[in-house]
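> Got a structure for you, written out below as structure tokens; questions coming shortly.
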Amino acid sequence: MMSHRYHQHFTVSWDQLHRDVRELCHRLVERDFQGIVAITRGGLIPAALIARELNVRLIDTVCIKSYEGQDQGALEVMKGVDHDGDGWLLVDDLVDTGKTARKVREMLPRAHFVTVYAKPEGRPLVDQYLTEVAQDCWIQFPWDMGVTYVEPLADRIKR
Ligand SMILES: O=P(O)(O)OC[C@H]1O[C@H](OP(=O)(O)OP(=O)(O)O)[C@H](O)[C@@H]1O
Ligand code: HPA
Ligand SMILES: [Mg+2]
């Protein structure tokens with residue numbers, strides 16, 4: 001269902017995501033992290049790619065859920081970590097309203113928090129991000145999509 005909050009789509013391909021994450025890594029490579037904490041599930045994919053670029057092998061998770069499709073529900077923390085994030089890189093795919101980020105920041109106040117994409121409301125909560133996206137734009141990630149047949153334009157117009 002299309003929530004009333006979103007009026008546009010920004011579709012990200014695997015290729016685009018990979019390039020964006022690598023670009024973000026250029027801004028992180030000078031720093032020394034003892035490990036990465038990925039915010040599930042969306043943060044797992046960029047976290048794996050970042051771990052490869054920065055040569056990090058220690059990866060932990062904060063397991064959290066707030067959206068069902070495009071509808072935001074109550075925030076549910078299913079798993080935390082036993083440290084305050086000091087020396088750790090905290091990764092999510094995006095910040096939207098910032099609700100998830102605010103909660104995770106409380107749990108890991110000393111982590112360096114990065115996302116690949118950031119919308120204006122959530123942007124102040126992260127330390128670094130790559131691309132800003134409008135607040136009313138739904139980011140369509142490649143793991144939620146598939147390749148399908150598209151009818152020729154002429155056939156679509158005839159109907
Ligand atoms: O800034 P917010 O408004 O809190 O939204 C951002 C969060 O929402 C999405 O996660 P979601 O809860 O959909 O779970 P998922 O990562 O498992 O898809 C996304 O991956 C962020 O974690
Ligand atoms: O724009 C979005 N795209 C995918 N997942 C999300 N979760 C919150 N906002 C978004
Ligand atoms: Mg998420």
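Each Cβ is built from the backbone N, Cα and C atoms, and glycine gets one as well.
These came from TrEMBL, pasted as-is:
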BINDING   Arg41, Gly42, Asp92, Asp93, Leu94, Val95, Asp96, Thr97, Gly98, Lys99, Thr100  5-phospho-alpha-D-ribose 1-diphosphate binding site
BINDING   Asp93  Mg(2+) binding site
BINDING   Asp96, Thr97, Gly98, Lys99, Thr100, Trp138, Ile139  GMP binding site
BINDING   Asp96, Ile139  xanthine binding site
BINDING   Asp96, Ile139  guanine binding site
DOMAIN    13-148  domain 'Phosphoribosyltransferase'
> In sequence order, what residues of the same chain, 6+ apart, have a Cβ less than 8 Å from the Cβ of Asp96 (5-phospho-alpha-D-ribose 1-diphosphate binding site)?
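Long-range Cβ contacts: Lys119, Glu121, Gly122, Gln135.
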> How does the model score the domain 'Phosphoribosyltransferase' (13-148) in terms of mean pLDDT?
96
> Provide, as an integer number of angstrom, the distance between the C-alpha atoms of Thr97 (GMP binding site) and Arg41 (5-phospho-alpha-D-ribose 1-diphosphate binding site).
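Distance (Cα to Cα, whole Å): 17 Å.
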> For the binding-site residues listed here, Asp92, Asp93, which shows the highest count of neighbouring CB atoms within 10 A?
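In terms of Cβ crowding, the pick is Asp92.
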> Given the binding-site residues Arg41, Asp92, Asp93, Leu94, Gly98, state which is nearest to Trp138 (GMP binding site) when distance is taken between Cα atoms.
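That would be Leu94, nearest by Cα distance.
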> Under 8 Å between C-beta atoms and at least six apart in sequence, can you list the same-chain neighbours of Thr100 (5-phospho-alpha-D-ribose 1-diphosphate binding site), or say none if there are none?
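Sequence-distant Cβ neighbours: Ile39, Ile64, Ser66, Leu75, Asp92.
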> What kind of secondary structure is Gly98 (5-phospho-alpha-D-ribose 1-diphosphate binding site) part of, going by DSSP in three states?
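The residue in question, Gly98 (5-phospho-alpha-D-ribose 1-diphosphate binding site), is coil (DSSP, three-state).
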> Please report the distance from the Cα of Lys99 (GMP binding site) to the Cα of Asp93 (Mg(2+) binding site), rounded to the nearest angstrom.
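Given the Cα positions, Lys99 (GMP binding site) is 14 Å from Asp93 (Mg(2+) binding site).
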> Pick from Arg41, Lys99: which of these binding-site residues has the biggest number of other Cβ atoms within 10 Å of its Cβ?
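Counting Cβ neighbours within 10 Å, the top one is Lys99.
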